[in-house]
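Engineer: Residues or ranges marked as domain 'ABC transmembrane type-1' by TrEMBL: 91-297. The feature region 'Disordered' is assigned by TrEMBL to 1-33. Look at TrEMBL and you will find 45-69, 90-114, 126-152, 173-193, 233-254, 274-298 tagged as transmembrane segment.
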């Protein structure tokens, strides 16, 4: 004879018992094992967060505060950057040089990366090492080398005059022409590296399939190969543009005081005029432009969190 199991009383209105509800809430509030495992090593991030807070976020906050507090509170420093014609010329020079350097670096770096991909692996390594050789050389030495090559009595002007192409030396230093030439040479490796990695990952069978389907070589290049190179083009172009915005040594030596860019302007305001407020505003503007460009880059990449959220 089996003992009868006592049933729990059910309220008249059919609602669950108070004890069952409390047990259900306690169970649902417990973190899942995956979430607990995900945050298990979060304490190890504490030293890195402290380091970033002290040496990155704190100076950045101080920079932003100085831009709006010195010499008087307000947005006067930012208004000067756009209202003053001399300061506006500095901004125009900065963006013009960065855009031209990015364009020329892409035009020169794309075929170079393509050649590295097409030639046998041994030859490709040699060409890539030659490209990277400029990165292993001192920036100051590279800039002075271009100063010697581009000056009126330099090798380039003498060669052009010897071949009868020009009658008098071209002015290629202490202007924006020399800055664009020197910086394009310096930035080419930063285009070649991501492009070569992207091209190396493209399956040759994809291009062969386009040819089999009747695509001409030009159509195969522009409609198949070039779109597949888009991640390398975007990442390399953004890297070069952002680095060109903040370059100091090459524009200072090849451009001169009459063709000042934003980094030179910031140094001048701090060292010569002790105008920390205007210099901080210019530096904050440079940081803001970089963040905006990086956001748009992520927006164009479908695999990034920003691009994935837009796709949904």
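Each Cβ is built from the backbone N, Cα and C atoms, and glycine gets one as well.
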Engineer: Counting Cβ pairs under 8 Å to the transmembrane segment (274-298), which of 45-69, 90-114, 126-152, 173-193, 233-254 comes out on top?
Structural biologist: 45-69
Engineer: Cβ pairs under 8 Å only, please: of the recorded stretches 45-69, 126-152, 173-193, 233-254, which one is richest in them relative to the transmembrane segment (90-114)?
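Structural biologist: Most Cβ pairs under 8 Å with the transmembrane segment (90-114) come from 173-193.
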Engineer: What residues in the same chain, six or more past the boundaries of the transmembrane segment (126-152), come closer than 8 Å to it by Cβ-Cβ distance?
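Structural biologist: Answer is 112, 115-116, 119, 169, 171-173, 178, 181-182, 185-186, 188-189, 192, 196, 249-250, 253-254.
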